[in-house]
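Q: Got a structure for you, written out below as C-alpha cells; questions coming shortly.
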Amino acid sequence: MSDSLSPIPPIGIFDSGVGGLSVLRALRRRRSDIPLLYVADSGHAPYGDRDPAHALQRSIRVTEHLMAQGARLIIVACNTATARAIDTLRQRYPEVTWVGVEPGVKPAVRHSSNGRIGVLATPSTLSSPRFDSLIDRFAQGCEVVRVPCQGLAAAIEKGGPSDPALDPLLDRYCAPVIQAGADTVVLGCTHYPFVAERIAARLGPQVQLLDTADAVAAHALHLWPNCSGQRVPRDMQAPVRLETTGDATVLARLAREGLGLDIPVHAIDL
C-alpha cells in the first residue's frame with residue numbers, strides 16, 4: 001500500500017475510466033472512514049467498444065496493481081469488465097473478495113408497471129453471455145430494449161458530463177426507449193449516472209432511471225469487515241487515492257465536480 005494511504009487495507013475500485021467514480025461516490029456517502037484506492041484505466045479505454053479480450057487483459061493488469069497496494073476487496077466498477085472478466089478474476093485471484101456491477105435488470109422488472117424496460121449500456125456489455133443470463137433469469141415476459149451506446153462513455157470521458165457535444169449521442173440513444181414506451185430505464189454503464197439528469201430530461205418524468213451504484217456500495221461494505229481484519233473508528237476520515245493511466249486532469253475534474261473531492265490525481269503506467 002502506498003505510504004500516502006492508511007495502513008488499513010483499502011477497498012480497491014477500478015473502471016475503464018472515470019465512470020466508476022459513481023460507485024466511489026456511493027461508498028463515501030455511506031462510509032467515509034474506509035480507505036479507497038481508485039484506478040481509472042483511461043489510457044486503455046474504452047473497454048466497451050473493443051474486443052472482449054482487451055477488457056480481460058486490462059482487468060488482470062489493474063487487479064495485480066491494486067493487490068500490490070494492499071487491496072483485499074476489489075470492486076470491478078465497470079459493467080463491461082464485470083461481464084467479460086470477473087469470472088476469470090475470481091478463479092485467478094481467489095484470495096481477493098470480488099464485487100462486480102451489472103445492469104439492474106432485476107430491480108427494473110420490479111419497478112416497471114408496463115413490462116417495458118430500456119437498458120443503456122456498452123455494445124460489449126449487451127452482447128455478453130452474462131447479460132443474456134440476466135435477461136433469461138429476471139426479465140422473462142418483459143420487453144427489454146437493448147440500446148448499445150457506442151461512444152457515449154468515451155465522450156463523457158473526453159468532455160465531461162456537461163459537454164454540449166454529448167447532446168446528439170443522448171438524443172440518439174434515448175430515442176429507441178421513447179419509441180418503445182419503456183417506463184423504466186437501466187443505466188448499464190457506470191459512466192452514465194453522471195449524465196442521468198440529461199437523460200431524464202429527454203425521457204420525461206414518467207420514466208424511472210435506475211443505476212446500481214448504491215447497491216454495489218452497500219454490498220461491498222457488507223463484505224469489507226471480513227476482508228480488512230480490523231475495526232475502524234467510525235469518526236475516522238480515511239484517505240482516498242485516485243490514480244489514472246490516462247489524463248489526470250480528466251479524473252481530477254470529475255472528482256471535483258461530481259464528488260467534491262479536490263485531491264491530487266496520480267498518473268501511473270500499467
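One-based numbering along the chain as shown.
Cβ from N, Cα, C; glycine included.
Just so you know, TrEMBL annotations never went through curation; they're auto-generated.
Pulled from TrEMBL, these are the listed features:
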{"type": "BINDING", "residues": "ASP15, SER16, TYR47, GLY48, ASN79, THR80, THR190, HIS191", "note": "substrate binding site"}
{"type": "ACT_SITE", "residues": "CYS78", "note": "active site, proton donor/acceptor"}
{"type": "ACT_SITE", "residues": "CYS189", "note": "active site, proton donor/acceptor"}
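Describe the structural context of each listed feature in the structure shown, including burial, neighbouring residues and relevant distances.
A: In sequence order, LEU21, VAL23, VAL39, ALA40, ASP41, ALA77, CYS78, ALA81, THR190 make up the list of same-chain residues 6 or more apart from ASP15 (substrate binding site) whose Cβ falls under 8 Å from its Cβ.
With a 10 A radius on its CB, CYS78 (active site, proton donor/acceptor) counts 37 other CB atoms from all the protein chains.
For CYS189 (active site, proton donor/acceptor), the same-chain residues that are 6 or more apart in sequence and have a Cβ closer than 8 Å to its Cβ are GLY19, GLY48, CYS78, ASN79, THR80, LEU120, ALA121, THR122, THR125, CYS149, LEU152, ALA153. The secondary structure of CYS189 (active site, proton donor/acceptor), as reduced to three states from DSSP, is coil rather than helix or strand.
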Q: Looking at Cβ-Cβ distances, which residues of the chain lie under 8 angstroms from TYR47 (substrate binding site) while being 6 or more apart from it?
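A: When sequence neighbours closer than 6 are ignored, TYR47 (substrate binding site) has SER16, ASP41, HIS54, ALA55, ARG58, CYS78, THR80, ALA81, ARG84, THR122, SER124 within Cβ distance under 8 Å.
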Q: Which of these binding-site residues has the least crowded Cβ, counting other Cβ atoms within 10 Å: SER16, ASN79?
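A: Taking SER16, ASN79 as the binding-site residues, the minimal 10 Å Cβ count falls on ASN79.
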Q: Which residues does HIS191 (substrate binding site) neighbour through Cβ under 8 Å, counting only same-chain ones at least six apart?
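A: When sequence neighbours closer than 6 are ignored, HIS191 (substrate binding site) has GLY17, VAL18, GLY19, SER22, LEU152, ALA153, ILE156, GLU157 within Cβ distance under 8 Å.
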Q: Listed substrate-binding residues ASP15, SER16, TYR47, GLY48, ASN79, THR80, THR190, HIS191 - what's their greatest C-alpha to C-alpha distance in Å?
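A: The substrate-binding residues span at most 12 Å between Cα atoms.
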Q: Would you mind pulling the DSSP three-state label for TYR47 (substrate binding site)?
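A: Where TYR47 (substrate binding site) sits, the three-state DSSP reduction gives coil.
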Q: Take the mean position of the Cβ atoms of ASP15, SER16, TYR47, GLY48, ASN79, THR80, THR190, HIS191, the recorded substrate site. Which other residues of that chain put their Cβ within 8 Å of it?
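A: For the substrate site the neighbour list reads GLY17, GLY19, GLY20, ALA45, PRO46, CYS78, ALA81, THR122, THR125, ALA153, CYS189.
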